[in-house]
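**Q** Have a look at the structure that comes next, please.
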Amino acid sequence: VTPPLPLPVVFNYSNSISLSFFYLSFSLVIIIHALNMGTKFKTSLLLLCICFLHSATANSSPNDGLVRIGLKKRKINNLSQIGYVGSNEGGNLRRSDSDAIALRNYMDAQYYGEIGIGTPPQKFTVIFDTGSSNLWVPSAKCHFSVACLMHSKYKSSDSSSYKKNGKSAAIQYGTGSISGFFSEDVITLGDLVVKEQDFIEATKEPGMTFVAAKFDGILGLGFQEISVGDAVPVWYNMMKQGLVQEPVFSFWLNRDADEVEGGELVFGGIDYNHFKGKHTYVPVTEKGYWQFEMGDVLIDDKPTGYCAKGCAAIADSGTSLLAGPTTQPEKICSHMKLCSFDGSHDTSMLIESVVDKNNGKSSSIQDHICSLCESAVIWVENKIKRNETEQDIINHVDQLCERLPSPMGQSGVDCNNLSSMPNVAFTIGGKIFDLSPEEYILKIGEGATAECISGFTPLDVPPPRGPLWILGDVFMGKYHTVFDYGKSRVGFAEAV
């Protein structure tokens, strides 16, 4: 099970600003000489310059038979309030035979809905996460975790349908972890009752990750291949027990901040009122996550080359933002002594002599500069592929400094500059799916005090599952998404 997105961070460069000014001055000299050197060597030196320039600045409806899980929206008041779930890990669809569950939306970052566990049902709010496959909720036997004190807890003695399992379980997330033991009970989703369902009673939720979360637990909708303890996912039992007529479920995530309704999860089909046109379907390439092949990424309709030969991507309702792997350039940055690891051994760091190793900041600053350099390598390589001159590249440096996100996570963005920012698009099934700045930027607050952050973040999913691009709620909010288990495919259409 792979980790979820980290909590949002706006990287503070104050610790390395004086160092960056030194490199900035040094880099200006390099540019002048680079203009008269050979292309290969010139490119390497220019990368060094750009790297340091960058571092100095980044319910069910009685009429249609749908069981709906609804989302409620709340105003975003504080940057630090945004949380992420994520996990450590046009068909023949008939609306009349489907079940839909209404979802609630917390700040466009947490979409969650209500389920019941036991007899009579004990109510819990959960994230419906296509990036994981287990169901877990806090247990009444969780006594020493603050998060358990803040949320509803399952009490097996209150359920007449409870069956003991007892096998231990643990899930590690990028922003936290849970551990506990398996139990068996009935699960209620709208009008649907899933029998003999294994789930995890969480007895430990260490740290602060789940303390402020608006949801109690997580219900995974991924494939059994990534299920901890090889537990049968809820969705599998829904199909096995004949609770849905079509092996399909779909998401509509409402991104309109002025509406109370947050969205809808439909089991057994789709709601045709929530999209326009036809879905573009792509086959699932590897079962586990809902993984598919994605084509190139475009910025202002221009190919970037990041995925020119194709990239693995997943549609993940449990990830708030849109994540991509960090760049993997050749060993240029390690050769320039900016990265401590070149793929085979440690190399000496240029910045070691100017950083106090004893204060614990050395590795942090080294990591920042290494990531910045690697980002610059890919950026310049793409410019060169488009036959841009050195002067064109240099002229773009200022824009690069203003627009590229922080390598440490989400970046702050000037809310007044959205109109000048580029559209970003993804190629899926030969079709372009674009996002405008207003769609990939999260706005927090109102008026003069409003803050904006980028909806993009770096995240490396390790092999064998990764590397992966993760199309989370930022993308699924714009595009209605169908998860077709029967035909092993994922579909996207513009949401309405």
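Backbone N, Cα and C define each Cβ position, glycine as well.
No curator has checked TrEMBL annotations; they are predicted automatically.
The following feature annotations were taken from TrEMBL:
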type     : residues      : note
TRANSMEM : 20-38         : transmembrane segment
DOMAIN   : 111-493       : domain 'Peptidase A1'
DISULFID : Cys142-Cys148 : disulfide bond
DOMAIN   : 366-407       : domain 'Saposin B-type'
DISULFID : Cys415-Cys452 : disulfide bond
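A description of the local structural setting of each listed feature is requested, covering burial, neighbours and distances.
**A** Of all Cβ atoms in the protein chains displayed, 22 besides its own lie within 10 Å of the Cβ of Cys142 (disulfide bond).
Proximity of Cys415 (disulfide bond) to non-local residues of its own chain (separation of 6 or more, Cβ distance below 8 Å) is seen for Ile441, Lys443, Ala450, Glu451, Cys452, given in sequence order.
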**Q** Which one of the disulfide-bonded residues (Cys148, Cys452) has its C-beta surrounded by the most other C-beta atoms within 10 angstroms?
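**A** Output for this query is Cys148.
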